[in-house]
Amino acid sequence: MISTEEKIEFLKRLVEIYSPTGKENGVAKFLIKSFENYGIEAYLDDVGNVIAVKKGKGPLILLAGHMDTVPGYIPVRIENGELWGRGAVDAKGPLATFFFATIESDANIIFAGLVDEEGFSKGAKNLEVPKPDYIIVGEPSGTNGVTIGYKGSLTVKFTETVEKVHGSIGVGAAEKLIEKWLTIAKYFGEGFNSLSGRIVKFVAYEREFDFFGEMIVNLRTPPGYMPPKEWDIIDFVPAYEVSRTSPLVRAFVRAIRKAGYKPKLKKKTGTADTNILGPKYGVDAIAYGPGDSKLDHTPYERIKLREYLEAIEILKNAILELSSND
């Protein structure tokens, strides 16, 4: 039996390894060494993902968390029962939860610590493991929450070139790009089933014979959305959702109730590796993990240690439910 203190110390050490996207190697080495300490072989795949396999009973379950964080170092400390640090919520708390659920469960589990989730999900897109029966992705849903849907993510580049005319007439490239943005933004709404977005890059300047402008936008897309074919698409990950009646969802509902909580099924307006891994393997995928997602990417990122420890037990019980019902 692994002690509470050991589980807290593991998470603290994991968060202390600063790992913005592209610099996940320190976390990878730590995970591989930690698995080996518990007698489980782990290795790096071709893109830098950490893979560990636990043999047991029941269906094959993929536990996929990510090792990278957004930039912005936060001094790591424990105060009032909370662990502060970059990645404590997004998503090293869930990753540590997956680590201990793998160690302590008597089930067929593939653990995957993925790279580049905060970038273009290179880790998920290039993951090559045997087809699982169920996929659980490590993202903060709250101890009593299960995320059953995420909006899609569409990154598009628009460019405009406008021949020079007298300054008192016509519009330049910047104005045309602004018109394009306003046309798109007319379709924005709130919630899971609406389009939303923001400008992530905008440059415009004068050249010798013309005006040039470039705008890159990121749109969060609802289920069923397909972009116009003429757009210059940099990256597109469609929306994803799983049925509330899925055996995977029902297993978590039972496990959360067993812990004394009322389950909350969530659909989020962000995007996660569920959007890639669910369609990639053609099986149901949800996201689960401790932490308040409102603290993602903020200077105030912190996780309640009690919730982290509870999430490990809930995840283990959900895995047990899946294994028992196979």
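Using the three backbone atoms N, Cα and C, a Cβ is placed for every residue, glycine included.
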Additional site residue, GLU41, GLU118, GLU128 [criterion: listed by Swiss-Prot with ASP90, HIS297 for Zn(2+) 2]: GLU118
GLU139 (Zn(2+) 1 binding site) to ASP68 (active site) - Cα separation in whole Å: 12
C-beta crowding around ASP90 (Zn(2+) 1 binding site), within 10 angstroms: 28
The one of GLU117, GLU118, GLU139 whose CB sees the fewest other CB atoms within 10 Å, among these recorded positions: GLU118
Mapped DSSP class for GLU117 (active site, proton acceptor), helix or strand or coil: coil
Cβ packing number for ASP68 (active site), 10 Å threshold: 26
Where ASP90 (Zn(2+) 1 binding site) falls in three-state DSSP terms: helix
